[in-house]
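Visitor: Below is one structure. I have some questions about it.
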Protein chains: 2
Amino acid sequence: MRTLQVDLGERSYPIYIGGGLLAETGEYFERHNLAKKSPLLIVTDEHVGPLYLSKLETSLQNSGYRTISKVVKAGEKSKSLEVFEEIMTTAIEGGLDRHSVVIALGGGVVGDLAGFVAASYMRGVKFVQIPTTILAHDSSVGGKVAVNHRLAKNMIGAFHQPEMVLYDVDTLQTLPERDVRSGLSEMIKHGLIWDKSFTDWCRDQSDKLLDLDPESLVYGLTLGCSIKAQVVSTDEREHGLRAILNLGHTLGHALEATGGYGQFLHGEAISIGMVAAAKIAVNRGRDQSIYLVTKDLFERFGLPTTIPSQMNEDDIIAAMMHDKKFKENQIIYVLPISIGEVEIVNDVTADDVRHVIQELKEEGQHV
Amino acid sequence: MRTLQVDLGERSYPIYIGGGLLAETGEYFERHNLAKKSPLLIVTDEHVGPLYLSKLETSLQNSGYRTISKVVKAGEKSKSLEVFEEIMTTAIEGGLDRHSVVIALGGGVVGDLAGFVAASYMRGVKFVQIPTTILAHDSSVGGKVAVNHRLAKNMIGAFHQPEMVLYDVDTLQTLPERDVRSGLSEMIKHGLIWDKSFTDWCRDQSDKLLDLDPESLVYGLTLGCSIKAQVVSTDEREHGLRAILNLGHTLGHALEATGGYGQFLHGEAISIGMVAAAKIAVNRGRDQSIYLVTKDLFERFGLPTTIPSQMNEDDIIAAMMHDKKFKENQIIYVLPISIGEVEIVNDVTADDVRHVIQELKEEGQHV
Ligand SMILES: NC(=O)c1ccc[n+]([C@@H]2O[C@H](COP(=O)([O-])OP(=O)(O)OC[C@H]3O[C@@H](n4cnc5c(N)ncnc54)[C@H](O)[C@@H]3O)[C@@H](O)[C@H]2O)c1
Ligand SMILES: NC(=O)c1ccc[n+]([C@@H]2O[C@H](COP(=O)([O-])OP(=O)(O)OC[C@H]3O[C@@H](n4cnc5c(N)ncnc54)[C@H](O)[C@@H]3O)[C@@H](O)[C@H]2O)c1
Ligand SMILES: [Zn+2]
Ligand SMILES: [Zn+2]
């Protein structure tokens with residue numbers, strides 16, 4: 001088991017990563033002095049609930065906690081104000097008070113949704129994340145919580161840091177293969193923005209990671225979380241540095257939106273986005289190897305690196321313009337300088353992006 | 001014009017109180033370096049909008065700001081997630097970005113609603129309060145913002161401090177008389193919890209205040225805001241001292257809920273609540289004068305001090321039990337020690353409250 005501290009002054013919290021943690025949740029809650037008199041609310045989804053909810057409830061109840069739970073539909077559609085309001089109803093009817101804790105048991109969807117409930121219920125109660133996807137090593141660190149508006153993703157939310165993150169890697173064994181690859185995409189991103197040697201490690205360990213080898217997972221997730229934690233500690237509210245976490249996301253989000261959030265998983269979309277960012281960097285004069293290494297890396301993980309030929313450039317560009325990362329009509333773009341190092345620029349034009357979309361569409365047809 | 005500073009570290013902000021401020025809004029925005037490239041969103045209601053929206057827009061536009069606006073229905077019903085979502089739609093369609101400012105032009109309803117929009121849009125943008133009711137001297141200070149859940153008031157919200165409060169007392173001249181009295185009830189409360197000499201001043205000035213004499217209003221609102229600001233500076237997130245602001249509110253909220261939010265205005269309900277708190281204190285051994293002075297004070301302002309005989313004790317007590325102020329099934333009650341000084345106790349029983357409800361019902365029948 002590994003412990004990592006996210007340094008945010010009085011909002012600092014630990015991340016525990018290891019096997020068998022779910023069954024010890026009650027003890028972790030006691031160790032963190034979480035109130036026993038007030039009921040706890042567990043939010044999970046219909047895939048994760050049947051697998052892990054009763055184990056979690058049992059552990060908490062054995063330590064003397066009262067729990068209520070809400071199981072939402074699996075998938076991005078649950079990150080809505082409607083489902084948010086339903087959970088609020090459960091919370092009020094269940095008698096949650098200011099000392100209650102909201103627990104997210106699941107992937108990034110449940111984490112973002114339950115986190116916004118915790119941020120807003122009675123103007124904020126405590127929050128604990130129990131991530132069950134690889135992608136959630138990213139979403140559970142940093143305190144960004146949100147629901148979607150029908151016009152744009154993650155538009156309504158808050159910064160709300162958890163009390164702790166309990167990452168039981170055993171739960172990852174039941175994760176569908178496509179979600180495994182998608183989650184590893186964010187892990188690789190953390191190498192690409194911050195640490196060349198971690199990128200090399202990811203490449204060397206690709207088979208073990210895809211096979212969900214526990215030791216490799218614990219190491220990779222710890223490194224990934226730790227990079228994210230370092231970035232977030234420096235810039236909690238994304239005034240500057242934190243933007244580097246958006247490598248691959250400007251185009252990635254646009255691809256997700258254009259594909260109607262059904263075609264690509266998040267990790268798949270940003271895999272293409274990171275390859276595109278490498279290509280843009282090369283087109284602007286960086287060494288060609290940046291693109292080749294990036295592309296090869298994602299291919300090893302079975303992640304997409306080209307854009308389907310039937311997707312329309314104009315649609316993708318239009319979707320990009322709606323993104324939160326647009327500041328006064330300028331594109332804020334994260335580009336690699338080399339493997340393990342990025343820069344934030346504001347002079348990438350819509351035409352530069354259009355051009356690289358065309359290149360990645362052509363690339364796809366050569367295969 | 002008076003300026004008051006709310007001391008909250010890096011979240012500190014000024015309150016400007018005086019006449020003619022609305023027409024100078026643009027200059028205040030420039031002085032506070034609020035971004036001109038991003039559109040501003042003004043939220044107001046259908047009573048206030050026709051009176052003051054165009055004056056505000058003109059001032060901002062003369063200083064080079066672009067504005068969009070959303071006019072909601074007047075009244076408590078607009079403090080809902082549905083209206084919140086509508087405003088989010090206006091914001092997204094209007095192209096609000098992270099540098100945009102949300103402005104509340106109106107009373108406490110618009111302030112709470114627009115404030116929660118500002119707290120949540122893209123995880124938080126800047127917020128400016130332009131209060132147009134007397135009650136809003138209370139609601140615009142302290143950063144509490146919220147919408148209601150159908151099961152309970154102010155259940156979904158955040159702490160989000162404004163950049164500044166611009167209090168143009170000229171706008172108060174159009175306020176309906178009942179809202180004038182209701183707002184003065186919170187002003188008197190600030191005296192009762194903190195400052196006997198301010199309480200005496202309020203009693204002496206009752207006629208001038210009810211006549212909306214500008215000089216008395218500026219003084220009274222400044223004192224009221226300043227007491228609230230001092231309390232909030234000590235305890236921003238209501239872990240302790242801030243609870244004294246709830247004098248009269250435990251019973252007051254229950255009366256509002258039992259009356260279906262139509263019978264009593266907020267200030268009327270807490271007027272009864274403060275008289276009841278004085279009576280409970282006397283029943284527990286405090287000097288009888290506390291009750292007499294409190295009752296006389298509110299009567300001078302034409303505010304209710306008894307409970308209508310047709311209201312049912314059990315309904316009121318049941319409503320009280322749903323309140324956020326209930327902590328682990330104990331009633332947290334604010335009681336006067338003397339005029340200008342209160343204490344927070346947790347041993348007032350439901351029976352004590354039932355008894356005082358009966359007393360205030362009888363008192364009403366003697367009149
Ligand atoms: N807050 C942040 O900083 C942040 C960062 C990145 C992504 N996100 C958000 O995270 C979301 C994506 O997260 P995700 O990929 O974890 O999606 P997810 O939560 O939808 O999980 C993916 C799928 O796997 C299922 N699942 C989860 N755990 C499982 C397990 N252990 N066994 C079997 N099935 C399991 C889920 O039911 C779902 O069907 C997006 O909404 C994205 O916006 C947030
Ligand atoms: N956030 C806080 O700390 C806090 C504190 C106290 C109260 N509140 C909230 O404030 C709300 C009550 O505030 P309120 O009493 O200002 O109610 P309000 O906003 O509904 O205003 C009262 C009425 O007066 C009208 N009005 C407002 N200004 C006017 C003007 N200048 N001329 C003519 N008409 C005008 C409004 O349209 C409305 O009909 C409640 O929702 C309460 O929960 C919040
Ligand atoms: Zn991501
Ligand atoms: Zn009040």
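Including glycine, each Cβ sits where the backbone N, Cα and C put it.
Because the structure is a prediction, the values reported are computed rather than measured.
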Visitor: Which residue of B:Glu186, B:Glu215, B:Glu299, B:Glu313 does TrEMBL report at the same Zn(2+) site as B:His249, B:His266?
Guide: B:Glu186
Visitor: Say TrEMBL lists B:Gly108, B:Val109, B:Val110, B:Gly111, B:Asp112, B:Thr132, B:Thr133, B:Lys153, B:Thr171, B:Leu172, B:Gln173, B:Thr174 as binding NAD(+): which of B:Lys126, B:Lys144 is in the same site, per that record?
Guide: B:Lys144
Visitor: When the Cα of B:Asp112 (NAD(+) binding site) is compared with the Cα of each of the binding-site residues B:Glu186, B:His249, B:His266, which one is closest?
Guide: B:His266
Visitor: Among B:Gly108, B:Val110, B:Lys153, these being the binding-site residues, pick the one whose CA is nearest to that of B:Glu186 (Zn(2+) binding site).
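Guide: Sorting the binding-site residues by distance from B:Glu186 (Zn(2+) binding site), the top entry is B:Gly108.
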Visitor: Taking ligand 3 as the reference, state which of the binding-site residues B:Gly108, B:Val110, B:Thr174 have a Cβ closer than 6 Å to one of its atoms.
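Guide: Close enough to ligand 3 is none of the binding-site residues.
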Visitor: Based on a Cβ-to-ligand 2 distance below 6 Å, what subset of the binding-site residues B:Asp112, B:Thr133, B:His249 would you report?
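Guide: Cβ < 6 Å from ligand 2, in sequence order: B:Asp112, B:Thr133.
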Visitor: Judged by the number of other CB atoms within 10 angstroms, which among B:Thr133, B:Thr174 is the least packed of the binding-site residues?
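Guide: Selected from the binding-site residues B:Thr133, B:Thr174 on minimum Cβ neighbours within 10 Å: B:Thr174.
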Visitor: Per DSSP, what is the residue tally for the domain '3-dehydroquinate synthase N-terminal' (B:71-181) in helix, strand and coil?
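Guide: Per DSSP, the residues of the domain '3-dehydroquinate synthase N-terminal' (B:71-181) fall into 44 helix, 34 strand, 33 coil.
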Visitor: Please name the residue among the binding-site residues B:Val110, B:Leu172 whose C-beta has the most neighbouring C-beta atoms within 10 angstroms.
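Guide: The residue with the most neighbouring Cβ atoms within 10 Å is B:Val110.
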Visitor: Please identify, among the binding-site residues B:Gly108, B:Val110, B:Thr133, B:Lys153, B:Thr174, the one with the smallest Cα-Cα distance to B:His249 (Zn(2+) binding site).
Guide: B:Lys153
